[in-house]
Amino acid sequence: MDTPKANRLHIAIFGRRNAGKSSLINALTGQDAALVSSEPGTTTDPVMKAMELLPIGPVVFIDTAGIDDQGELGQLRVERTRRVLDRTDLALLVVSPPVTDLSMEEGWLAELRGRGIPVVGVFNKSDQGELPVQWVSGRLGLRLTPVSALTGDGIQELKAAIQEAVPEGWEMRTILGDLMEAEDLVLLVAPQDVQAPKGRLILPQVQVMRDVLDHDGVAMMVKTGELRGAMELLEAAGRRPDLVVTDSQVFHLVKDLVGPDVRLTSFSILMARYKGDLRTLVEGARAVDRLVDGDVVLIAEACTHHPLEGDIGREKLPALISEMSRARLEFRVVAGNDFPRDLKGFSLVVHCGGCMLNRKHMMSRIMAARSQGVPITNYGVLFAKRSGILDRAVVGLI
Ligand SMILES: Nc1nc2c(ncn2[C@@H]2O[C@H](COP(=O)(O)OP(=O)(O)O)[C@@H](O)[C@H]2O)c(=O)[nH]1
Ligand code: SF4
Ligand SMILES: [Mg+2]
């Protein structure tokens with residue numbers, strides 16, 4: 001349960017009201033996690049639930065409202081369900097008897113396929129008599145696994161079908177495993193005031209360290225104040241770090257202390273590469289130089305609350321971008337799910353690091369900006385540009 005939510009495979013369940021979506025999550029996980037009711041439209045907002053789904057591993061199930069919901073409120077729920085697509089790694093499309101009209105399922109299937117999301121078809125309520133599985137499969141062009149969420153029949157087969165559909169390379173993503181070899185020494189540098197809640201480190205630091213260990217490397221971590229001593233210690237032992245990862249804010253200090261020959265990058269650059277498309281984000285940071293008076297910049301934060309970052313989005317970042325561009329700019333700040341679909345009015349999008357978003361979600365936003373021709377970057381990459389370290393910090397990474 002300690003796997004960060006954003007790193008889990010996100011499996012979303014779509015289907016009409018009462019198809020048995022919530023029951024299916026319960027049957028798959030063996031828990032009463034989702035809300036089940038014979039009253040259509042019980043699941044209103046998408047509900048996320050992190051679990052261990054064997055043999056796949058850590059996943060997040062997203063239970064949604066019916067795709068056939070009606071009325072003003074219903075339409076709102078369908079719109080919320082549609083937004084779930086942005087973060088869906090794998091979709092279950094649930095059909096249940098009586099099957100009369102499949103146009104809604106066809107529409108959703110086309111949307112899912114258009115976005116390249118793998119879909120697993122489920123025909124639920126097999127306990128209610130023979131299901132027209134072949135016929136519906138043929139109509140949809142989708143293999144359907146017959147199951148009963150009620151009796152558990154077919155659930156093992158469904159797990160196998162899910163396992164088969166897991167996107168290739170999904171688990172293989174690594175933060176820096178491809179940049180290092182076994183036994184490499186990776187030196188991590190935190191700023192002097194370790195900015196974290198008492199008793200722990202922030203997520204990117206923990207994740208980078210874990211990745212070094214997973215790739216059989218040696219992880220060493222110091223604060224900037226202890227870096228000189230650490231370097232001396234290493235030198236006396238005849239070793240040099242193979243890679244140094246630092247907090248961007250102390251990059252200059254670190255650069256001087258480790259010397260020019262050591263490979264040096266920052267936590268935020270690594271996380272930007274892990275979460276999104278580093279090349280696009282670097283190009284986006286460079287677009288700051290092209291901003292002119294009157295341009296509108298969108299600042300997007302994934303969370304509505306993030307105590308660590310305080311006023312970065314609303315004050316520090318606008319000041320920084322204005323100073324970097326030397327232009328009189330307008331800023332709009334959005335948080336949480338308010339990321340606009342239409343980005344055309346913006347000259348630049350600056351997104352937060354997205355540590356709470358999964359890669360899929362972050363990539364959807366990056367692709368949305370790219371497809372509308374709007375440059376997009378993130379806090380970390382922009383700070384790296386600001387400190388003049390961008391070129392060095394991305395060598396071999398893009
Ligand atoms: N007979 C039968 N009933 C089921 C099955 N799965 C769900 N149901 C019932 O169908 C109704 C709707 O289930 P629910 O999971 O809330 O559907 P949702 O609206 O798609 O989330 C409930 O009364 C469930 O008990 C099943 O496999 N067999
Ligand atoms: S970086 Fe973004 S996703 Fe992470 S805590 Fe801050 S606002 Fe949330
Ligand atoms: Mg439900």
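Just so you know, the numbers here start at 1 and follow the chain as drawn.
Cβ atoms are placed via backbone N, Cα and C, with glycine included.
Quick look at what TrEMBL annotates:
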DOMAIN    10-125  domain 'G'
DOMAIN    175-276  domain 'Hydrogen maturase F dimerization'
DOMAIN    280-394  domain 'Hydrogen maturase F tetramerization'
Q.
With helix taken as DSSP H, G or I, strand as E or B and everything else coil, how many residues of the domain 'G' (10-125) land in each class?
A. 38 helix, 31 strand, 47 coil
Q. What does DSSP give as the helix, strand and coil breakdown of the domain 'Hydrogen maturase F dimerization' (175-276)?
A. 48 helix, 19 strand, 35 coil
